Amino acid sequence: MDAFKLLTRATKLKSGAAPSSTQSLTRLPSTGKAANPQLFRSSEADKVLEEASHGKKRKRVAGPEAAELDDDDDAELNFFGSSKARRSSASMAKEQAKEQQEQQEHRDDTSDADDVDEMDEVQCRTVLNAHKIKVTDMRDLEEIQPVRIESEEPKKKKKKTKQQEESTPALTKKEQKKARRVYPQPLVSFKELRTRYKISRRLAENIAEQGFTVPTEVQLGTLPLLLGGFKASGNSKSAESIEPDLLVVAPTGSGKTLSFLIPVINKIVRHHHEQEKERGIFSVIVAPTKELASQIVNEGRKLVHGTGVKITLMKKGMRVVDREDDDDENSHSEDSEEGSDSEQDEPSTTRKKKGKAPITKSDILVTTPLLLVNALSANRTKPMATLPLVRNIVLDEADVLLDELFREQTLDIWRACTHPELRASLWSATMGSNIEDLAKSTIKERKQAYDQTKSYPLLRLVVGLKDSAIPNIEHKLVYAATEQGKLLGLRQLLHPAAASVSDVRLRPPFLIFTQTIPRAIALHSELRYDIPAEAGGSSRIAVLHSDLSDGQRSEIMKNFRKGEIWILVTTDLLARGVDFRGINGVVNYDIPNSAAVYVHRVGRTGRAGREGGIAVTYYTKEDIPYVKSIANIIDVSEKLRGKDGEKSIQKWLLDALPDLSKKDKKELKKHGVKARQSTLKSVKDDKEHRRTRISTKSGYDRRMENKKKALIAASRNRKSKTQSTDPGSDDESWDGLDG
């Protein structure tokens, strides 16, 4: 019996006006895969894609083809024929269906990519604009339009004086933007990877086994460019397709990993067929953290199964190249030790055998920057070795890899890849103009260093608004005043008591981000007994940071993915790239160091089009000068979402929050909020640290604990002093008894 229907039977309210709590819970990310992973869709674009997928033509067919179609329809629609004729027509229809199926299978295997109908430029523009995909040619205008400018001018007008050439008007900014815009063929479905782009049959089967059917926006735009190449003179069939260098800015959880793995694997499979004897590392994928690198390897192993391609995670002590100077050193050491005894020779040879590991036999190497640099330079003791076979370098989370922390290491790896046809692709959800300029200058330097006459296009693909959060999650910015207020608000999330509609309801599993490792440890110790023993107790909450060993980190990640851990307290170690598809929300216990970090943190929920994710950010009095950039991102995200009703960020709040100077932004990005920095320099900083301490213990209890620790330390010091002054330990000799 429905109580709502009973109480509202005299009204005109619809039965579905008040959704039940069970219905609202079904919209959580943890409930399962979204029906459509795309973030931006429109009916017009769907119509164009449907027509392209079924091979329909928009114009009416005329002539003999139309007459044949009419004859076929007349033959099929014979309603008044005899029963024998109907049976014969039915058997003929079955035979025709079988023949058509066999022909279709044969066509899928043997047909060329040119036989597949391509969209015209208007259709491509419609689809790309509807999905908010913008592709731009980043090269100089002289490289983009040299042929076009010459072809438009007649031969007589080519002979000009210098004065006339100087007087020619330059393109306006609007015309330059228009000249740089590119409209490549979009990917209609994953089936096209086999029919149009001729990827490996086994790779196509592996993609289908993973359940990928509808491409996301980033896959819709990048896969045709990386598999089919970029045609410099438009979509004409006569134009030569060239694989471009690519900069991709796409929202978190939009499928960037699959977008760069499929072309890399397919390229290596083709190379294996063309040159069977040549083996080595053909692609290098660089990621900023071990967690992200291991995740890429796990996804890659699902795709390379049965293809003959090997993908490997870089580990400490692995040998990547065979250095000639290593052999020279070994031979030199052998010559110098010829005069040594046989007993000394045996352990030295065994030591050499143990110390020299075999070279890694892999096609794709996934690594963090420092590990590969140390392997190529023998822990910075020798010049960098080269990777001559590498044809693709992929920088995942490129804005971090080309930032100050990893920049030198990443550029060293890039320079070590010496193949003249090396293609680079940079991927991230946030990418500043300085990163784009650095990538552009690095590619230009390589071109000059290797005297490359052939110009490769450099394209930038942006999905949605650049450097913005995904629109399918709900953002909450909560003022907690003090550290104790944040702790109280977090406990209210864990144990919701109020029934107000405006209150935030966040169900596990979720992530909690802090600024530093000590704060993450302190918050974990404070919350570990908040979950009742009936629900699993302290085993349901864990802390993850870079001070833990690799084994501990992988074990925590495994338990969190399995669902044994519900709440994970962590630092920005997990803020980038790591894919937790079932996370219901993210809590920023400490505000992020920059707007880009906020975008990546909240992007751990709402992945692959899942709706219902919540991002809660607590801020205190000390955080007020740094909050405006986060508030702006939330405001833009809500506008992009088209959210109706009351917004979480009001205009008066945006006007009241102070702007941050460039110097302060740089300081915040490097060190975080000053009040929460772990290093203490003065008494004033000590007082600030006390105010931002994560603890609910009283001052009396803390003093008693400190006294106890001091007594234990004093006892240890006394014991060590007595042992050092023990007469039995003196070195003085005994002269015997005097007579």
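Using the three backbone atoms N, Cα and C, a Cβ is placed for every residue, glycine included.
The motif 'Q motif' annotation in Swiss-Prot falls on one of the ranges 192-220, 250-278, 424-452, namely 192-220.
Sequence-distant contacts of the motif 'Q motif' (192-220) (same chain, at least 6 residues past either end, Cβ-Cβ under 8 Å): 33, 36-40, 108, 111, 113, 116, 127, 131-133, 186, 227-228, 248, 250, 254-256, 258-259, 262, 265-266, 269-270, 302-307, 461, 463-464, 608-609. Reduced to three states, the DSSP call for K256 (ATP binding site) is helix. With a threshold of 8 Å between CB atoms, no same-chain residue lying at least 6 positions outside the compositional bias 'Basic residues' (709-721) comes near it.
Take the CB of A250 (ATP binding site) and look out to 10 A: across all protein chains shown you find 26 other CB atoms. Same-chain residues with CB within 8 A of the center of the A250, P251, T252, G253, S254, G255, K256, T257 CB atoms, the ATP site residues themselves not counted, are T216, V218, A429, R607.
Cβ packing within 10 Å was compared across the binding-site residues P251, G253, G255, and the lowest neighbour count falls to G255.
Residues 247, 256-257, 260, 285-288, 292, 296, 426-428, 430-432, 435, 439, 576-577, 596 of the same chain sit 6 or more residues outside the motif 'DEAD box' (396-399) yet have a Cβ under 8 Å from a Cβ within it. Residue counts of the motif 'Q motif' (192-220) by helix, strand and coil are 17 helix, 0 strand, 12 coil (DSSP-based).
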